Amino acid sequence: MLTWLAEFAVYFTPLNLFRYITFRTGGAIATALFFVFFFGPNIIKSLRIKQGKGQPIRSDGPQSHLLTKKGTPTMGGLMILSGLFVSTLLWANLSNHYVWVVLWVMLGYGAIGFYDDYLKVTKQTHNGFSGRGRLACEAGVALVACIAMMKLGTPHMTSLAFPAVNGYVVDLGLFFLIFGPFVIVASGNAVNLTDGLDGLAIVPVMIAAGTFGIIAYLVGNAIYSDYLRINFVPGAGELAVVSGAVIGAGLGFLWFNAPPAQIFMGDTGSLALGGLLGTIAVAIKHEMVLAIVGGLFALETLSVIVQVVSFKLTGKRVFKMAPIHHHFEQLGWSEPQVVVRFWIIAFVLALVGLSTLKLR
């Protein structure tokens, strides 16, 4: 929204700053951060009053959780998404269709997650929105987003590039309408599975957002994309501003989510943020890099799949508990140890993902 101020730069030169993505990304970080800081306490207070018992805690998990997490309100994603949305509206170029596609997925997945959280809190059960119904809604939202990107994007939108491989691109054609939604749905649910400990999911989300913000900026710049030999996606650089808003809102939320957490983001936040990351990856044509940068989320998801398949086929469990962060808790790691070590893994994977830009 504030980009229009650049038109008056002829009268006041400093207004020219609003043309620059880097400046607006910084503004988006600061705005989202202070929004969550300012409104966070009141949102937490309101949710605590309305939810009463808060999010139900798994009885089969670490016993310490029943003592330290019981009564903690959920739906903290409302704080994150509100700050992210307001900041994006202020600092992003609202004529950019990629911005609206990403916001569509974020709000759509946020609504699905909110409904899931609502059912869990009101019924005090872990059985919220039915699995099939939830996946169908997620796929529908993602499909609309991919159709929009296919219609409004560049001819490269249906292509699939491989990291560290120069010039090898596969045109997916109409299969893009299956692959794209799969990436978005998988990303949303992977982050959702990771959100099981205080601060565990939000920091890797911010790391991934920062990484994809850098990639989006490079992909949206004709000179940089040509130098790095990656597909140029006009307008994709604007997603760096959205990524900045994610970082700012995430930092604000972490202030309240740091152990012991005052609030959980719930499916409202984790599903929306995961879907947002997946959509950005699809938009900037770095879906395969998402598997690297979001490797921690992939690991959490894989641990659940392996656990379920193993138990159904053999009656035995591979892990003491899934997702895998609970496995390490059962091995004796303290919650802060699991969280910080997983943050380190996420940071290293982000560096590996960025390095693929140069390995061509």
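Every residue gets a Cβ built from N, Cα and C, even glycine.
Annotation source Swiss-Prot lists transmembrane segment at 27-47 (among others), citing sequence analysis.
Within the chain, the transmembrane segment (72-92) has long-range Cβ neighbours (under 8 A, six or more residues past its boundaries) at 1-3, 24-25, 27-29, 31-33, 35-36, 39-40, 43-44, 47-48, 51, 54-55, 99, 103, 106-107, 110, 113-114, 117-118, 120-121, 202, 238, 241-242, 244-246, 248-250, 252-253, 256-257, 261-273. Taken from Swiss-Prot, the feature transmembrane segment applies to 72-92 (among others).
For 94-114 (among others), the entry in Swiss-Prot reads transmembrane segment. Note on the transmembrane segment (94-114): residues 1, 3, 75, 77-78, 81, 84-85, 88, 129, 134, 137-138, 141-142, 144-145, 148-149, 152-153, 184, 188, 192, 235-236, 238-239, 241-242, 266-276, 278-280, 283 of its chain, located 6 or more positions outside it, place their CB under 8 angstroms from a CB of the stretch.
Annotation source Swiss-Prot lists transmembrane segment at 135-155 (among others), citing sequence analysis.
Residues or ranges marked as transmembrane segment by Swiss-Prot on the basis of sequence analysis: 167-187 (among others).
Counting residues 6+ beyond its ends, the transmembrane segment (199-219) has Cβ neighbours under 8 Å at 21-22, 25, 80, 191, 225, 228, 230-233, 236-240, 242-244, 246-247, 250-251, 253-254, 257-259, 261, 265, 270, 273-274, 277, 280-281, 283-286, 289-290, 293-294, 296-297, 325, 338-339, 342-343, 346-347, 350, 353-354, 357 in the same chain. According to Swiss-Prot, the feature transmembrane segment maps to 199-219 (among others).
Within its own chain, the transmembrane segment (236-256) has Cβ neighbours under 8 Å at 21-22, 24-37, 40-41, 44, 76, 79-81, 83-84, 87-88, 91-93, 96, 98-99, 102-103, 199, 202-203, 205-206, 209-210, 212-214, 216-217, 219-221, 262-263, 265, 269, 273, 276, 280, 283-284, counting only residues six or more beyond its boundaries. Under the heading transmembrane segment, Swiss-Prot lists 236-256 (among others), citing sequence analysis as support.
Residues or ranges marked as transmembrane segment in Swiss-Prot: 263-283 (among others).
Feature annotation from Swiss-Prot assigns transmembrane segment to 289-309 (among others); the stated evidence is sequence analysis.
Feature annotation from Swiss-Prot assigns transmembrane segment to 337-357 (among others); the stated evidence is sequence analysis.
For the transmembrane segment (135-155), same-chain residues at least 6 beyond its ends with a Cβ under 8 Å from one of its own Cβ atoms are 97-98, 101, 104-105, 108-109, 112, 129, 176-177, 180-181, 184-185, 188-189, 231-234, 271, 275, 278-279, 282-283. Through the fold, the transmembrane segment (337-357) approaches residues 163-164, 197-200, 203-204, 207-208, 210-211, 214-215, 218, 228, 230, 259, 289, 292-296, 325, 328-329 of its own chain, all at least 6 residues removed from its boundaries and within a Cβ separation under 8 Å.
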